[in-house]
């Protein structure tokens, strides 16, 4: 197998490919060994010595090749025989730890799980343990030191798992810190465009008139020598509108009369 790296360099790795007419289930599967801890005199479970039992074919059976001696404390090497439904087998070497009074840390294995948070967000220690629901009730988890999420990147941190009996496990996990996504606001742009295209209006009483009419009203007010409409201390009403319209008509009439006199 030729492995080519991003910089163009290469490694050549010799491998063996087994070609079979009808590969057995033993050829197609790889049981994963997993150590387990039991008390002195307790019978270990072969299933607990295979870490990926749920990934093996349905109907697969496991058993220790020979009984495991748990009469005294210490580590006992053992072999688990995995028998598949088609009759083929795998033999997996494992270790059984025998303890006088095994702690909950000895009997449990927290599974690390990476998590992703945004810059400035506080990660959850619980989300960094993939099998929290399988650990003893009352188990608590916390980061050994605060996680720095002030900038993007990957942070290698340690989660301390504390069991009800006081024993602990320390699990190394990765926290991925990413920049928050910036969502474009199309509504703001649309509103701005609409505002640019819509004729400005002013409110007189409860009715709206165009800016052109507003100019004419202002001119009419100026022609009468008043700087602004009377201010009664209240908001504009229909009376104010009528006054404005009257002033507008007066201005128009005055202009027409001047033209006739000039003619």
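Don't overthink the numbers, they just go from 1 along the chain as shown.
Note: Cβ is positioned from N, Cα and C throughout, glycine not excepted.
Small disclaimer: the values here were computed from a predicted structure and weren't measured.
TrEMBL assigns the feature region 'Disordered' to residues 216-237, out of the candidate ranges 216-237, 238-259. Computed over the domain 'Gram-positive cocci surface proteins LPxTG' (229-263), the whole-number mean pLDDT of the model equals 60.
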